[in-house]
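Over in Swiss-Prot, the protein carries these features:
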type: BINDING; residues: PRO82, LEU83, THR84, ARG85, GLY86, LEU87, GLY88, SER89, SER90, ALA91, SER92; note: ATP binding site
Amino acid sequence: MIPLSIRVPASTANVGPGFDSVGIALSLYLHVVVKEKSDKWQVIHSFEDSIPTDDKNLIVSTACKVCPSLSPHIIEVTSNIPLTRGLGSSASAIVAGIELANQLGKLNLTTDQKVQIATNFEGHPDNVAASILGGTVIGALDGKNVSVVRIESKELGVISLIPNEELNTDESRSVLPDVFPFHEAVKASAISNVLVAALCQKKWEVVGEMMEMDHFHEPYRLELVPLLPSIRKCAKEFGAYGTALSGAGPSIFILTPYEKRQEIAEQLARVFTSMKVCELEIDHRGITVNKKEHIGL
């Protein structure tokens with residue numbers, strides 16, 4: 001019998017100008033199945049060898065930081081979220097670790113507490129809040145306190161173009177400027193404000209326009225993801241609302257009318273044959289837990 005299983009959705013962050021603030025949960029998933037107690041933590045997985053199988057694994061290390069008194073268990077981890085592709089793989093692992101601690105340690109954490117803890121680990125709320133809450137989230141971290149608003153976007157379809165090449169988040173962040181001119185900050189913030197307002201009012205054409213006008217990060221990351229302009233042009237011609245980098249890249253994130261997502265994905269797949277084109281949906285449930293029997297420390 002499976003005593004406890006945890007499912008965490010992938011996420012995309014930024015949506016163009018919503019840098020480190022706007023996130024959307026996606027229909028790719030990390031699954032953690034908790035098995036029996038053990039004398040030490042064991043993580044069963046089929047990922048690359050660089051992913052730890054002991055207490056150094058990000059899921060386990062996060063859980064133990066949240067609840068140091070946890071007894072070791074054997075856990076099995078599976079995932080179809082690509083690693084280091086800008087789809088929130090590390091955020092999903094952090095969220096899974098927090099929930100693992102919450103369940104095994106009987107912490108009774110509220111959703112707000114989970115978001116706060118996850119943001120403290122991640123450094124920004126966009127990916128982790130989306131994975132916890134589902135849907136579309138807009139968040140802000142003010143010192144130690146995080147504020148998050150969740151909205152529904154069920155009319156939207158999602159397409160992700162995933163290259164074979166990995167792109168480490170630290171490398172992608174290293175090309176960003178340390179200082180942002182005031183007039184550029186004003187312009188970039190105004191665009192981000194309109195993006196959020198359009199998301200809330202479901203003005204999808206405006207969302208698409210704003211998500212392609214970022215000044216905060218995409219201009220600096222183009223050298224790392226040179227196909228973005230051509231993908232953006234084709235997606236618009238095929239009927240998409242808008243295209244942006246998914247998180248720090250290298251994956252590309254496209255919003256479409258829900259009923260057109262398959263058609264647009266097929267057209268893009270014929271053009272960009274070197275990339276994996278995934279027709280996705282927005283996950284509206286967020287993290288889910290399935291308990292089969294009582295577990296204690």
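Using N, Cα and C of the backbone, Cβ positions are placed for all residues, glycine too.
Each of ALA10, ILE81, GLY247 belongs to the same chain as PRO82, LEU83, THR84, ARG85, GLY86, LEU87, GLY88, SER89, SER90, ALA91, SER92, is absent from that list, and has a C-beta within 8 angstroms of the C-beta centroid marking the ATP site. Every protein chain considered, the tally of other Cβ atoms within 10 Å of the Cβ of THR84 (ATP binding site) stands at 18. Note on the binding-site residues PRO82, GLY86, GLY88: the fewest other CB atoms within 10 A surround the CB of PRO82. The most densely surrounded of the binding-site residues SER90, SER92, judged by C-beta neighbours within 10 angstroms, is SER92.
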